[in-house]
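**Q** Below are the structure tokens for one structure; questions will follow.
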Amino acid sequence: MSDKPTETVSVSESVATPAVAATEPAPSLPVVNPSSLPSGFEWWRQTMAYKTGFMSAEESVQYEQDRLIKERYAECLSCEKNKQWVMAYSPTVRFMKDQIEKIGGDISSNNVFCDHCDDFKAGGFHPKYGILVCQNHVKSRSHLEDTLAHEMVHYYDNTKFKVDWMNLKHHACSEIRASTLSGECRMMNELMKGKLARLTRGHQECAKRRAILSVMANPGCKDEAQATQVVNEVWDSCFNDTRPFDTIYR
């Protein structure tokens, strides 16, 4: 198979463009060691006082800040634990990592980051910084696996084809490939979301739907009509381009 992409190649979904996770900065929080925050009985006492209105306004603000720090810390720990497991044991993720390294890319825990995201994305890819996993939106280990596999397809495309992420056809093609190959559009996922009305073409409809939504987020895209047109133009070649896989496995 030629190294030339079958259309112009594309990019990411939990994305934002240009191949970037367009996540807004999370609200600024002070740098605090979570172990220094109230815990055990004292944290329970503060929680009860907060819920029953026995805190002053100043105490309530401090409690809400402490609670947010605790929640984000717990999210981060869970995301990091699942990330490490998936990168070590997921056949899809390990295969993609090997394929990326074969074409000169370098992907490891050092450029796959867990962080809090304000927009409703599961993750994103940036050609300079790597992969972002949105710790507050990834619901489970399997969801993280699908998200990481999706973004790794973008990473692969960017490394192999030198994608221009502001080119809507490039972006659309990689989005189609990422949704098709990552497993996020497999039948069970769609059934659980209640979106698989027609079993025979559910996978394709899912990949197309997700690609259109991602292209719509590209600053160079005018509206849904343009995104739909671009996705349709590259659909056949990009959906059938399963590199680096032999076929659609998930």
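Cβ coordinates come from backbone N, Cα and C, glycine included.
Below, the features straight out of Swiss-Prot:
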BINDING   HIS150, HIS154  divalent metal cation binding site
ACT_SITE  GLU151  active site
**Q** Mind giving me a neighbour count for HIS150 (divalent metal cation binding site)? Other Cβ atoms within 10 Å of its Cβ, every protein chain shown.
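**A** Counting Cβ neighbours of HIS150 (divalent metal cation binding site) within 10 Å gives 32.
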**Q** Applying a 10 Å Cβ distance cut-off over all chains shown, what neighbour count does HIS154 (divalent metal cation binding site) have?
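**A** HIS154 (divalent metal cation binding site) is surrounded by 32 other Cβ atoms within 10 Å.
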